[in-house]
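Below you'll find the structure, written out as structure tokens, and then a few comments.
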Amino acid sequence: MTNIRKTHPLMKIIDNSFIDLPTPSNISAWWNFGSLLGICLILQILTGLFLAMHYTSDTTTAFSSVTHICRDVNYGWIIRYLHANGASMFFICLYMHVGRGLYYGSYTFTETWNIGIILLFTVMATAFMGYVLPWGQMSFWGATVITNLLSAIPYVGTDLVQWIWGGFSVDKATLTRFFAFHFILPFVVSALAAVHLLFLHETGSNNPSGIMSNSDKIPFHPYYTIKDILGALLLILVLTLLVLFSPDLLGDPDNYIPANPLSTPPHIKPEWYFLFAYAILRSIPNKLGGVLALVLSILILAIVPLLHTSKQRGMMFRPISQCLFWFLVADLLTLTWIGGQPVEHPYITIGQLASILYFMILLVLMPIASIIENNILKW
């Protein structure tokens, strides 16, 4: 009798995706982040669902409803902090996942890569709208500043901003629609993730060497299910430590002050995972230029496959490109630090230099390094 998992229409899909999936035998721990992102997404949807049961999307009660969740709801505090810090873990895994793709040349699977970029934008939009919901000072002013950037679009900018706001300022209408979008977008992310996997399984996974591995593949289960469980346990450990010992470590103290349109916080800044893009935005004095740089800082990933000049796929055997990659990582950490600093003398210049370097590495230096490496190897 044939095994039900190989014949049943639904079980067959699960079997081909997670059990009998042929997987390269040499993929490292850097390939764990896909499954970790899936775990993060499930965690965020579940904790978000329970938070939505108690949250009210009205400007007069939003802040106090979050306080009520933390103080009066059974284990409400842990659900709230799992959700808030779960978002941080989500972005750590996302950036590691994208970094792995850049390092090992996974971007040559263009469909998978492009859907990944759409996923990144969608998750960023979801996180931004979620940050507005507690209706603290940073929620309100963050929403005001970021949505206001759209007014830089010629002709339609101002109308577009007022259309998003649902009025002439960030108010009740804005909060209600942000809550609605924040609720629905994770399900859009889930659907996109399924398409992302669909395209990935058309080609099969890449591996650290970047060489075709069809001749040497092993079933996903039990080898990689065990490996993924280890990664998941480590993720849960870090998240648990964060939630139970320092839940506000990555948050902003200003968000414990109820939103007040009449009082501007001294330093308006988004959550830590957007600081690199915020630093790029701030480093350009022109408003439209800043907005374009902000969008391009992520959209540049879509151009990376077109700029691949190396004869090798990954960077495993390319020392010059490796150096540039780690320069890029250091540059992004510098931008993250700058994004959290006030707009004054040394920080402005450092931010501008780091922003120029970011685009230079991806657009100019990496393609040149690849050509040099090809010539060194006489390819």
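Glycine is no exception: its Cβ is also placed from the backbone N, Cα and C atoms.
These figures come from a predicted structure and were not determined experimentally.
The heme b b562 binding site annotation in Swiss-Prot covers His83, His182 and rests on similarity to another entry. Residues annotated as heme b b566 binding site in Swiss-Prot: His97, His196. Summarising the annotation, Swiss-Prot assigns ubiquinone binding site to His201 and lists similarity to another entry as the type of evidence. The annotation transmembrane segment is assigned in Swiss-Prot to 33-53, 77-98, 113-133, 178-198, 226-246, 288-308, 320-340, 347-367 on the grounds of similarity to another entry.
Annotated features, which come from Swiss-Prot, shown on the structure.
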residue: His83; record: heme b b562 binding site; Cβ neighbours (10 Å): 21
residue: His97; record: heme b b566 binding site; Cβ neighbours (10 Å): 20
residue: His182; record: heme b b562 binding site; Cβ neighbours (10 Å): 21
residue: His196; record: heme b b566 binding site; Cβ neighbours (10 Å): 21
residue: His201; record: ubiquinone binding site; Cβ neighbours (10 Å): 14
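Outside the transmembrane segment (320-340), and at least 6 residues removed from its termini, the chain residues within Cβ reach (under 8 Å) are 99, 102-103, 269-270, 272, 274-280, 282, 310, 347, 350-351, 354-355, 357-358, 361-362, 365-366, 369-370, 372-373. Between the transmembrane segment (77-98) and the listed ranges 113-133, 178-198, 226-246, 288-308, 347-367, the one holding the most Cβ pairs under 8 Å is 226-246. Here the transmembrane segment (288-308) sits against the transmembrane segment (113-133); at least 3 CB pairs are under 8 Å, leaving out pairs fewer than 6 apart in sequence. Cα of His97 (heme b b566 binding site) to Cα of His201 (ubiquinone binding site): a distance of 17 Å. A Cβ distance under 8 Å defines the sequence-distant neighbours of the transmembrane segment (226-246), meaning residues of its chain 6+ beyond its ends; these are 29, 32-33, 35-36, 39-40, 78, 81-82, 85-86, 88-89, 93. Nonlocal intrachain contacts for the transmembrane segment (178-198), taken as residues 6+ away from its ends with a CB within less than 8 angstroms of a stretch CB, comprise 17, 37-38, 41, 44-45, 48, 52, 55, 57, 112, 115-116, 118-119, 122-123, 125-126, 129-130, 132-133, 143. It is 21 Å from the Cα atom of His182 (heme b b562 binding site) to that of His196 (heme b b566 binding site).
Counting in whole angstrom, His83 (heme b b562 binding site) lies 30 from the residue listed as 'ubiquinone binding site' by their C-alpha atoms.
DSSP assigns His97 (heme b b566 binding site) to a helix.
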